[in-house]
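Trainee: After the structure tokens below, expect a handful of questions from me.
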Amino acid sequence: MNTTLTANKHIVILGGGTAGWMAANLMAAKWQKIGIQITLVESPAIGTIGVGEGSTPQLKSFFDQIGVEEHEWMPACNATYKNGIRFNGWSSRPGFESYFHPFASRIDAFSAPALFYNSIHRRKGINVDCHPDRFYLSAKLAEQHKTPIPDHNFPFPIGYGYHFDANLLGQFLANKGIAKGVKHIQGKVLNVGMQTNGDIANLQLDDGNTIIGDIFVDCSGFNGVLIQKALKVPFVSFKDNLFNDSAVAIPSPTSQPLRSQTISTTMKYGWAWDIPLTNRVGNGYVYSSQHCTAEQAEIELRTKLNLLDSEVAARHLKMKVGRVEKHWYRNCLAVGLSQGFIEPLEATALHFVQETIEGFIEANEKSNFSNTHQDEFNQQINQRFEGIRDYIVAHYRLSSRDDTDYWRENSANPHISNQLKRIVKGWMAAEDITQTIQQAKIQSYYPPFSWLCILSGYGIFPEQLSDVPQDNVAHKYDLDYVDDFIQRSSLNFNDHKTFLDLHY
Ligand SMILES: Cc1cc2nc3c(=O)[nH]c(=O)nc-3n(C[C@H](O)[C@H](O)[C@H](O)COP(=O)(O)OP(=O)(O)OC[C@H]3O[C@@H](n4cnc5c(N)ncnc54)[C@H](O)[C@@H]3O)c2cc1C
């Protein structure tokens, strides 16, 4: 950061959900020292969405930037470690009914090249093992219910995310932000005052107070109070690409043993998440209201959880899937659900929140708090939305579940991007997936190994095996060595629950 930068500005954040408090903490950590004041306004009467319990590895760097360590925040949020996501029931191809999407780690360089290699030859019809679970240490750690934190002498860090209670995380971040000097106001915004040039001038609250600011951050959730309602930035819906628009969430008792992975299982009209916390399991069913009612979804989820006769309440939620055309418009930045949402299948929303705030901070520091980089910023965020959307769409297009209209319509859905068509075509032509993804310049949204895992994890291979001699190919990588390497590496990691009990 430019050390001579000073800015006598007032940033007003509307919304006290995870997005609002993440923005407040990151901006306070970076900018309070240069003279910026931050105020956060929220309405307890409206409340927060209170879901969003899984993260990507990016969240660790958020806590690092605000100076908070795992032993402080994890116990406060009933948090657990996440090695990745297991997908159950998405493919019915024999041997591929379940696969694991790991987070990337440097140690994968010893085992994953065999999968990259084998997958090319399997697509040429040669009978080599290509199930991704065999090639990633994280998959083994998840299978063994282990933490991703190695013993001291193990020289490789492992990529990991977290599971946490969204409400507790919100409270934790609120306390941190307030302690850092963020001014916290409770009240409902009834009106947004505008300047003559079209910028936002102030927020007018239900108690008669008015809050004036220079920069406004819209974290008002699906309401989009500033970006969508006041500034009228259009919303680009993804409903043609992704059918799910509703969810129902029901907690269940803690899992034994304590898992270190999210599980995503297909349901009749969508899929269910299973997120293990230290004190409960978070469950939810994400579904399409065009295909089933809220009541049907709740019964299907309760049946899956064995909670049909339980009095534990269910929470029903609506989701608006898509993005705004511009995330930074005039003097307003939209962050979180107000800027858009892609359904939670890969738990990417908080990752987006963090990247949006970080990108905004960088763009302002580069331009001394002007709008010089606004267009470039919006373009990058939009491309990221589209890149992530395509990966999520791939789950539905590649799925071979076909027992309901929902699944049949998904796999026949013509609304897929040219980019996604190109990836699948390249895969079927036995192209090197790394080259395909790099040529498309989309490796920063989902890297080649993620595409490799989804395509090989669903068993997207020709059924017909070739009758050409196979020995050289089959023996290039010794898979017994891969198994042994992964098994022995896993001995350096401890049981998830034992680790959490001991350290936190
Ligand atoms: C079913 C589901 C599952 C999800 N799972 C995941 C997941 O696993 N991982 C992940 O990363 N994300 C997930 N998400 C997304 C995640 O929940 C959100 O990105 C995250 O909680 C941030 O929400 P938010 O802060 O933008 O909005 P909210 O939590 O809705 O907060 C909005 C805030 O704005 C305030 N507000 C609104 N209007 C006004 C007004 N007029 N005046 C004053 N205050 C106002 C509200 O009071 C509230 O404080 C999921 C979302 C859904 C719907």
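Every residue gets a Cβ built from N, Cα and C, even glycine.
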Trainee: Which one, L337, L345, L398, L420, is listed by TrEMBL in the same FAD site as G16, G17, T18, A19, V189?
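Mentor: The candidate from L337, L345, L398, L420 that TrEMBL ties to FAD along with G16, G17, T18, A19, V189 is L337.
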Trainee: Just going by other Cβ atoms within 10 Å, which of the binding-site residues A19, V189, L337 has the emptiest spot?
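Mentor: Result for the binding-site residues A19, V189, L337: minimum number of other Cβ atoms within 10 Å at V189.
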Trainee: List those of the recorded positions T18, A19, K82, L337, E346 whose Cβ lies under 6 Å from any atom of ligand 1, in sequence order, or write none if there are none.
Mentor: T18, A19, L337
Trainee: Do you know offhand how many angstrom separate G17 (FAD binding site) and E346 (L-tryptophan binding site) by C-alpha?
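Mentor: Here the two Cα atoms are 20 Å apart.
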Trainee: Measuring Cα to Cα, how many angstrom lie between G16 (FAD binding site) and E346 (L-tryptophan binding site)?
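Mentor: Just about 24 Å between their Cα atoms.
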Trainee: Please report the number of other Cβ atoms within 10 Å of the Cβ of K82 (active site).
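Mentor: Excluding its own Cβ, K82 (active site) sees 28 Cβ atoms within 10 Å.
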Trainee: Based on DSSP, name the secondary structure state of G16 (FAD binding site): helix, strand or coil.
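Mentor: Going by the DSSP assignment, G16 (FAD binding site) belongs to neither helix nor strand, so it counts as coil.
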Trainee: Restricting to the record's FAD-binding residues (G16, G17, T18, A19, V189, L337), give me the longest CA-CA distance in Å as a whole number.
Mentor: 18
